[in-house]
Amino acid sequence: MCDKDRFKVIIVGGSVAGLTLAHCLQRAGIDHVVLEKNSDLSPQVGASIGIIPNGGRILDQLGLFDAVERMTYPLSIATITYPDGYSFRNNYPKTVDERFGYPIAFLDRQKFLEILHTSYPDPSNIHTNCRVTHIRRHDSHMEVVTSSGQEYTGDLVVGADGVHSVIRSEMWKLADALEPGRVSKREKRSMKVEYACVFGISLPVPGLKVGDQVNAFHDGLTIITIHGKNGRVFWFVIKKLDDMYTYPDTVRFSSADAVRTCENIVHFPLVNGATFGHVWENREVTSMTALEENIFNTWYADRIVCIGDSIHKMTPNIGQGANTAIEDATVLTNLLYDRLSKNGHKKLARQELLQLLREFQSQRFRRVNKIYQDSRFLVRLHARDGIVKSLLARYIVPYMTELPADLASKSIADSPTIGFLPLPSRSGPGWLQWSRKQRRPATPWILVLLVIVVSFGLHSPELVIPTFWSNSLVSKTVE
């Protein structure tokens, strides 16, 4: 079969979503290219990345998890602190590891991207300095055009270009042309910004033990520190803004804003005598950004589809942003592999491809929306946003000792895997025990607690019970 007759994917964006998709497609034998606007595939911008079992298992299928594990130290204990000096410890990270056979672990985002691109077997498929400006639609294919005038032809364009996605905008234009009104003005302005984050990486700090995590809850602000391999501290300062912004008319931050935010909280305590000031003094890199929140309703149009942050964006509190992007790449590849392996990897008819993309959104939307809603609630719970959430965080959460591990387990257990690759030998009982079909009704005391919580907040507009609370309070897994 001639190359021109083979189905080809153009991936726009060479970060977590795009490079993971490239690995998946490579293993599936599906032709593809990656177009990345920057010259460096793994820049150091001060960010870290958390790999949770649902992402870790997929990376293991791709033969990448061993490299990740060598650069990380598994989390085992989380300490939660409050402004009144109260604190408690919870071993939910260790419990999650034991249940699923994979740890919760953090590393430099730069190092993770290095793993993805240096282990990719065919570098000629990855093109840097390719800033995509627009897409031309033809009856039989799509043409992607870059700022330098280069043209790339393919059958499916995948937008993996992040929250400021050019491909999402091009997809909207195409949808408006083919089906006027399909993407409403409301959807185009549905991404909001209510929080900002200063994130960074610091050298080891005395008192911050390797493998531990600290969540310091304050009014309108949360400090999260994760103590990784060799004592390196990955940290986030997440604060509520005075105003809500609507994307793209959002707020931008300078290095001076980051300094001002952090220097105002240097006296905030963490654990074992360490303060945030010690973390700040030992910083290596830092940056500040707005935290966009949204899950869009339109994920595809014609021969364009978006994955990862380009179509669903959540705060870092839940640690699932990168992992859901890895899942997106997995599900899209599974669907393509199922179709193409049956026709010899020939081009798909337009209607056949549209059906595939409908199936992709259908499979992903419900799961991602649940994780997104959980993330929305957690960022506000952590920041003690309002009296009800303040009371929940302070007087109820500390006494529901199994809740963090149970919530994490529910979001992990039903995650997808690469269907055409064998499952890894390492595993744990949690994949089966915490899947939806294995859950049974909760114990009565949990239902009583739910009644108390709801009764307290019945007349408060601030109380919105998220999906993970409602599910965890009315169902529990068979152990």
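In case you wondered, yes, glycine gets a Cβ from its N, Cα and C as well.
Pulled from Swiss-Prot, these are the features on record:
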| type | residues | note |
| --- | --- | --- |
| TRANSMEM | 10-30 | transmembrane segment |
| BINDING | E36, G50, R109, D309, A322 | FAD binding site |
| TRANSMEM | 445-465 | transmembrane segment |
Task: Cβ-Cβ distance under 8 Å to E36 (FAD binding site), same chain, at least six residues away - done: G13, G14, S15, G18, I126, H127, T128, N129, C130
Task: Count of other CB atoms lying within 10 Å of the CB belonging to R109 (FAD binding site) - done: 23
Open item on the list: With the cut-off set at 10 Å between Cβ atoms, which of these binding-site residues ends up with the most neighbours? Options: G50, D309, A322.
Closed with: D309
- [ ] With H, G and I counted as helix, E and B as strand and the rest as coil, say where DSSP puts E36 (FAD binding site).
- [x] coil
- [ ] Return one of helix, strand or coil for G50 (FAD binding site), based on DSSP.
- [x] strand
